[in-house]
Amino acid sequence: MSETKTGNIVAKSTLNTDADDNVTGTAVEVVEKVTVTASKANSITPSTTCSDSELTDIDVTPTVSVEQAALDEKWMRVAMAQATLAEAKGEVPVGAVLVQDDTLIASGYNLSICEHNPTAHAEIECIQAAGKVLKNYRMLNTTLYVTLEPCSMCAGAMVHSRIARVVYGADDLKTGAAGSVVDLLRHPQFNHQLEVTKGVLAEECAAQLSQFFKRRRAEIKAAKQAKRQAQTQDQTR
Ligand SMILES: [Zn+2]
């Protein structure tokens, strides 16, 4: 039974070089707005009734079997482990894995800051690695799991790679291209449409992001206070 949204988690953080040993170069501002979609059974069935206020937000998530829902959770946890690797490098924690017949093909995590590369999103890293494993630029009959709703760039790469299905955790209301802002994965005029399952471990995926931004805000605040204290001490000498 698919449930309506239970609340928004808005995480906003300014990442700068003063507070991040892992970051060099220009200051980077990251603003993430994440919505948790509660899914008691991973959106196993779409909504069949809705109020007037919900008519513009009809869940088109296809039916997923109980067995598939369990597999989805299993692989989403692997994607979350990838997100943890990103966080350890000071990156926004987003992780992705590509799976075929319940077998891991490739994985990736966000590396944009470390690599000074705005295209180094988890999904792109994963797709590029998968191409080398499969020795094919088409990734037929595969499922990509990612902890955050794909952006337009990553959705485009998924269409080009012919990935069959994408499963994601938290919605991204700012840049989500799987329905939150725009739906490029199921655009009827494209030559390939993906099956989309949203909201798998959504709360845990969103918590991973919001805790990261909360911690980063505290680190930046502490760094600014330390800087002010140092300046005050210099002035009183
Ligand atoms: Zn992306």
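Every residue gets a Cβ built from N, Cα and C, even glycine.
TrEMBL entries are annotated by machine, without manual review.
Checking the candidates His121, His160 against TrEMBL: the one annotated together with Cys151, Cys154 at the Zn(2+) site is His121.
Confidence across the domain 'CMP/dCMP-type deaminase' (70-181), taken as the mean pLDDT and rounded to a whole number, stands at 98. In sequence order, Ala122, Glu123, Ile124, Pro150, Ser152, Met153, Ala155, Ala157, Thr175, Ala177 are the residues of the same chain, not among His121, Cys151, Cys154, whose CB sits within 8 A of the CB centroid for the Zn(2+) site.
Shown in sequence order, Val94, Asn110, Ser112, Cys151, Met153, Cys154 are the residues of the chain, 6+ apart in sequence, with a C-beta less than 8 angstroms from the C-beta of His121 (Zn(2+) binding site).
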